[in-house]
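Peer 1: Sharing a structure here in structure tokens format.
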């Protein structure tokens with residue numbers, strides 16, 4: 001049997017290359033691209049010219065396994081929710097047709113925060129600390145927020161101004177929303193356009209401040225959209241700056257943290273400027289209001305000249321707004337001409353000269369250059385994964401004490417020097433089946449408390465490393481050590497595992513493993529993802545334990561391992577520009593272990609990673625520190641320190657952004673599927689449609705976006721055009737989507753947006769093979785509605801909830817409380833391993849910002865720190881246009 005295909009709903013799952021006949025064989029087949037969803041499995045032989053003998057396919061038995069009742073998902077690893085009368089859920093996505101009592105479709109889990117009661121049809125009241133109410137009774141277990149009373153906290157107290165504020169995580173999250181909008185839209189970066197030679201003329205401009213959550217805006221703080229551009233049409237990416245007289249239409253330029261029960265005040269104004277201050281309460285959040293402030297003078301026509309703000313000192317320089325290309329890296333002159341310090345300039349100069357970088361790499365010693373007798377000894381050859389990757393005798397880790405039966409003092413591991421002391425790191429090959437005991441002996445002997453693993457156990461058909469750890473809750477003996485799995489925490493690109501290790505004398509030690517899972521051998525990952533991982537490792541307890549070496553391994557222990565250690569060495573000396581010498585760092589590592597950093601691509605990547613890490617240094621802070629970083633009043637005429645600096649860094653680091661490829665989006669048959677021809681999805685992150693519809697291809701203007709816990713956690717897409725609505729539902733069905741987030745008011749009447757879901761009881765709509773049925777609608781806030789929909793085709797029926805947030809009419813969102821409620825619902829969905837679709841008019845401006853907000857909030861609730869810069873950087877990888885302008 002050869003060239004036989006297995007298809008799931010006519011999409012390729014697996015192809016048999018050549019299975020010899022004769023006798024019987026049991027073959028277990030997994031789809032090449034991962035788990036596939038569908039209803040029809042077909043086995044077919046399409047290339048009959050390769051058939052031999054008198055048969056094309058000879059199968060004795062063909063089995064397809066399905067989860068038992070009560071289980072669903074990958075490997076049937078998840079339990080169904082509270083489906084009605086104990087019925088089973090869908091075996092693939094876990095959806096129930098109906099729920100017991102007070103549970104929420106589609107998974108019949110407890111009502112997500114903001115709703116309660118039968119079918120979760122009631123909205124929670126005003127609970128203290130923005131906490132959830134009881135999912136069955138609606139009672140606020142934390143009590144009512146200031147200004148509200150009653151059993152479910154919906155009755156307003158007379159004479160109170162509404163919800164009060166307190167120092168809590170909800171308040172921090174509210175402040176984060178305000179500050180991230182500032183970073184993303186340069187809301188807190190103030191560019192005052194005036195010539196020092198001329199007197200500024202005061203004209204109405206804009207200011208952003210917080211208003212109370214009352215469902216309306218005060219007469220003194222009316223939201224004014226002074227832009228004359230079409231709000232339903234995003235500006236092209238090349239027109240990201242406002243020129244000439246259009247400077248009067250400059251985007252909001254300040255945001256402030258909510259202040260309890262404070263009133264708007266004009267403080268600290270200088271040179272005719274306006275100071276921006278809090279005008280509302282915290283607690284439940286607030287609305288963003290826009291009020292007048294001075295603009296640039298009308299005679300400051302700049303034509304094609306833009307203003308560039310220096311991140312360090314606020315100086316401005318005029319540069320032409322050009323875009324130029326260099327190999328596969330693209331950048332704007334704005335980013336390239338921002339003032340760089342000595343470290344950035346040196347790294348960037350090397351990256352711009354590919355020939356020079358290749359010549360530099362060629363100067364490094366290759367191969368084994370010093371004595372390595374122990375590794376080459378006959379009795380140790382079976383311990384080596386590769387014949388040419390051996391430790392040097394004078395830097396190898398020597399196992400002490402009585403060896404385990406059949407072992408000795410040899411392990412393929414080397415000490416690596418740090419910038420200030422020896423034996424800061426241990427670089428090792430991945431464990432083999434016969435060296436797992438030695439692996440744990442090394443950990444115990446060297447006092448290792450943190451392990452960095454940079455390979456998967458299996459990559460393709462190659463075994464890269466033996467699994468040397470037990471699963472969570474299990475215990476396993478490896479040589480002389482008992483290892484127990486305590487906890488597993490999954491992030492988008494890596495997994496953190498906690499273990500207790502005990503020796504034969506009963507002594508125990510806590511060990512943490514950081515396992516990076518998206519870096520394949522001889523390749524390079526995303527710089528932002530690896531830097532985020534490196535930060536997680538190095539901000540852990542290990543950095544405080546200088547006597548404990550960091551144990552780093554991949555498969556061979558030189559390529560990926562050398563890159564990670566090289567990054568840490570470079571950043572350890574970052575406070576002194578002269579110490580960041582990438583060539584010398586690699587040269588020195590190779591003196592300790594051969595071939596550290598194997599490939600040219602890895603060498604270049606190290607430069608990029610160091611530049612990324614250096615530019616983003618100190619952007620992560622803990623929640624306790626975050627509150628004190630931003631003043632209650634922001635003066636637009638004064639540089640704003642941290643916010644200015646971080647936004648300036650975002651612009652600087654864009655020089656590393658790879659030139660996007662738009663091959664699919666620019667095909668003739670796809671051009672009319674793009675609302676804005678300047679905002680096209682990158683081929684490298686494009687969502688391909690897998691549900692076949694006659695006459696339609698696989699293209700949709702949508703990209704996968706990373707979240708805190710999943711590389712494909714979100715799909716950012718434009719609101720569908722009238723002729724692409726069927727493609728939107730194909731995307732939902734093909735990716736197992738159960739939650740859609742629709743942002744902005746554009747869906748309420750724009751002729752350019754198709755009406756793609758029913759909104760009345762009993763209404764249903766048909767899009768190609770899909771029928772979408774309205775089930776119910778509930779109000780989750782003043783501007784947040786939840787629609788429960790049933791999506792059916794010929795073979796399947798699924799429940800999808802559509803969360804419509806309508807208070808985002810301009811550049812910034814309005815109701816912070818509703819936005820936080822929406823973000824919390826999305827964060828909850830991430831825990832279910834379900835991809836969330838996030839839509840806005842262009843698929844970028846609001847969608848990218850919202851994904852970044854969710855990432856920040858998830859980080860706060862999961863690990864207790866804030867990194868707005870990195871959240872924005874992660875959003876810019878698939879959508880470079882996100883946060884692209886002031």
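A Cβ is built for glycine as well, from the same backbone N, Cα and C atoms used for every other residue.
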Peer 1: Select from 150-171, 172-193, 194-215, 216-237 the stretch of residues annotated by TrEMBL as transmembrane segment.
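Peer 2: That would be 172-193, per the transmembrane segment entry in TrEMBL.
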Peer 1: TrEMBL lists region 'Disordered' for one of the ranges 637-657, 658-678, 679-699; which is that range?
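Peer 2: Per TrEMBL, the stretch marked region 'Disordered' is 658-678.
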Peer 1: With a Cβ cut-off under 8 Å, give me the same-chain residues at least six positions beyond the ends of the compositional bias 'Basic and acidic residues' (661-675) that come close to it.
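Peer 2: Same-chain residues near the compositional bias 'Basic and acidic residues' (661-675) but 6 or more away: 233, 681-684, 686, 697, 699-701, 718-719, 721, 723-724, 727, 752, 841-843.
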Peer 1: Could you count the residues of the domain 'Tyrosine specific protein phosphatases' (531-604) that DSSP puts in helix, in strand and in coil?
Peer 2: 45 helix, 5 strand, 24 coil
Peer 1: Across the whole of the domain 'Tyrosine-protein phosphatase' (357-613), what does the mean pLDDT come to? Round it, please.
Peer 2: 92
Peer 1: From the DSSP assignment alone, can you count helix, strand and coil residues within the domain 'Tyrosine specific protein phosphatases' (817-886)?
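Peer 2: The breakdown for the domain 'Tyrosine specific protein phosphatases' (817-886) reads 42 helix, 7 strand, 21 coil.
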Peer 1: Tally the residues of the compositional bias 'Basic and acidic residues' (661-675) by DSSP class, grouping H, G and I as helix, E and B as strand, and everything else as coil.
Peer 2: 6 helix, 0 strand, 9 coil
